[in-house]
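*Asks:* Input: one structure, supplied below.
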Amino acid sequence: MAAAGAAVARSPGIGAGPALRARRSPPPRAARLPRLLVLLAAAAVGPGAGGAARLYRAGEDAVWVLDSGSVRGATANSSAAWLVQFYSSWCGHCIGYAPTWRALAGDVRDWASAIRVAALDCMEEKNQAVCHDYDIHFYPTFRYFKAFTKEFTTGENFKGPDRELRTVRQTMIDFLQNHTEGSRPPACPRLDPIQPSDVLSLLDNRGSHYVAIVFESNSSYLGREVILDLIPYESIVVTRALDGDKAFLEKLGVSSVPSCYLIYPNGSHGLINVVKPLRAFFSSYLKSLPDVRKKSLPLPEKPHKEENSEIVVWREFDKSKLYTVDLESGLHYLLRVELAAHKSLAGAELKTLKDFVTVLAKLFPGRPPVKKLLEMLQEWLASLPLDRIPYNAVLDLVNNKMRISGIFLTNHIKWVGCQGSRSELRGYPCSLWKLFHTLTVEASTHPDALVGTGFEDDPQAVLQTMRRYVHTFFGCKECGEHFEEMAKESMDSVKTPDQAILWLWKKHNMVNGRLAGHLSEDPRFPKLQWPTPDLCPACHEEIKGLASWDEGHVLTFLKQHYGRDNLLDTYSADQGDSSEGGTLARGEEEEKRLTPPEVSHGDRDTQSVRPPGALGPRPALPESLHHSLDGKLQSLDGPGAHKEVGGAAPFLGVDFSSLDMSLCVVLYVASSLFLMVMYFFFRVRSRRWKVKHHHPAV
């Protein structure tokens, strides 16, 4: 995650933080650069600054880059098996692991007709629904998909002891061997060892191709790796045999394993001579034999090289300020994407959500519409009588499906103090760091805010709640584990709210130091010890020639920097945001004017991560859940408040607002009463007008 200070770039993951050096501060808007200069400056941010920047690039890497439109078609009923990495481009561990994944894909490139290495970015808006379908909670997640799978499956989880390249490569081989005979990829040769009798029969036969036999120990994977390396080559067959029969090996002249015994087309045979008995030497030797050449295998066409033509206008910001838009964008991603990866919540997960929302509702220093939404969510969750809830019910409330006036949370991601030089750097982790720092400061400066919540006498309330959230829900699993280790070491030593502020600051700087130079570090925002001297000169001192911190001044600075008085609403979206048909938010009108119309749509940071309409149908909920939700909405809206009429709910194919529906009901009741009154009125009058006929007496 990234430091809430906008001065130190803190890495993605629980360790990344924002750092801006003064010399790199963008020029003030007042300069009014001509459009051409603005575009040139934006392009100078780098080729990866556009929304299309990803960890893996189709056409450049050996990795098969999948998305929501291709993943099911690729893995369903495929003639090859698949190993897919579901990752998030903001995840620090995912960024650090990307070179290993690229190297793995290149290393097993020749295996592609049997098993393919792919990746899918769950951070991209278009992919979030499919990641939810595949039940992806944490990043990176590795899933195997067998060949010829006809029905939808979420795949098999990677079960290796670690994620080193060799380990993953060996588990790929195990996965291929676990295929049944009928479901094994057609291009995959048999990987089981042959018996000595089979070797003798091969020696006696002549053919039109070479036969290579790799002799190895039972625990070795080298033979199977060489077999798979030679899949795309014709005029050669590779198999393997174990070293169990020592006498047989001596007869062939095999004195050590691994060794490769080659049978030539003319019937001659013998050991091949390589410098080192390694996979690369064996495979290279066999590929270079006369008449051994690559054959044409039917492979799906991989996407062409991506062209990144997007230009993103840099949002200027003051590194000494905190921006509401960063906090609200983080809340949007947290509530609508990260938590939404869990289809339902129960037990400890539900308790963690309730406590986290309680802390947010009481301490979040943002704008009133956002605070009101958090308060509504907190009261509703607190009143639930259920032990398990579907998360779609929470989404309905967050998305304001009941159209309550006065509540709003942006459905856009837009980073300002958390923007990175590339789209996969900083962003959400930075926002989460800022949010946590802000909550610790609010708990200290407004101690009465938590009265009545059960947290009022707990100086560790924010830290422990944050700790449980990161451990339970934060997408970067490895980052969460690192944070848990730090919490176990010293979080229990926190005895006051001020100590909580300093504890989080120290741990954040510790993470900064650990991740400095990591691939997840943004070169434009290096990870430094924060606050830097230019932001807080009084925070730094020197004792006996050694630089140190003045923690008293640091505490004062943190309270000022993360205090509500330091929050700026610049760039923040309003309920009438342009994406929803209203006016532009402050700061955006000029930005739109400076951005060329033909590329203005390319800024992924300003796109909706998950529009309410894409959230899927609302599940059938228990009646008590509906009543609880409706009751809380009414109580929060107030007795005299009215519901918005701008948002309409579809009914029989026609859009009716809440007011329209209410008027229909009133009109229906009034019409029914009127008809009943008229019916009785005419019935009584008909009796009064009725003529009585008397029969004559006889």
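Glycine too: its Cβ is placed from the backbone N, Cα and C atoms.
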*Asks:* Of the residues SER579, SER600, SER608, which is given the phosphoserine tag by Swiss-Prot?
*Replies:* SER579
*Asks:* When you check Swiss-Prot, which of CYS94, CYS131 turns out to share a disulphide bond with CYS122?
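*Replies:* So the cysteine paired with CYS122 in Swiss-Prot is CYS131.
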*Asks:* Just checking, which of CYS91, CYS94, MET510 (recorded positions) has the fewest C-beta atoms within 10 Å of its C-beta?
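*Replies:* If we count Cβ atoms within 10 Å for the recorded positions CYS91, CYS94, MET510, the smallest count is at MET510.
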*Asks:* Test of understanding: give the count of other CB atoms lying within 10 angstroms of the CB of LYS506 (FAD binding site).
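*Replies:* Here the count is 15.
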*Asks:* Once the DSSP letters are reduced so that anything not helix or strand counts as coil, what is TRP530 (FAD binding site)?
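*Replies:* It is coil.
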*Asks:* Taking 10 A as the limit, how many CB atoms besides its own sit near the CB of ARG426 (FAD binding site)?
*Replies:* 34
*Asks:* Give me the CA-CA distance between LYS506 (FAD binding site) and CYS91 (active site, nucleophile), in Å, as a whole number.
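*Replies:* With the alpha carbons as reference points, the distance is 22 Å.
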*Asks:* Restricting the comparison to the binding-site residues ARG426, HIS437, HIS482, HIS508, ASN512, which residue's C-alpha is spatially nearest the C-alpha of CYS91 (active site, nucleophile)?
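*Replies:* Sorting the binding-site residues by distance from CYS91 (active site, nucleophile), the top entry is ARG426.
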*Asks:* Out of HIS437, HIS482, HIS508, give me whichever of these binding-site residues has the highest number of other Cβ atoms within 10 Å.
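*Replies:* Answer by Cβ density within 10 Å: HIS508.
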*Asks:* Check the Cα-Cα distances from CYS94 (active site, nucleophile) to the binding-site residues HIS508, MET510, ASN512 and tell me which is shortest.
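*Replies:* Going through HIS508, MET510, ASN512 one by one, the Cα closest to that of CYS94 (active site, nucleophile) is ASN512.
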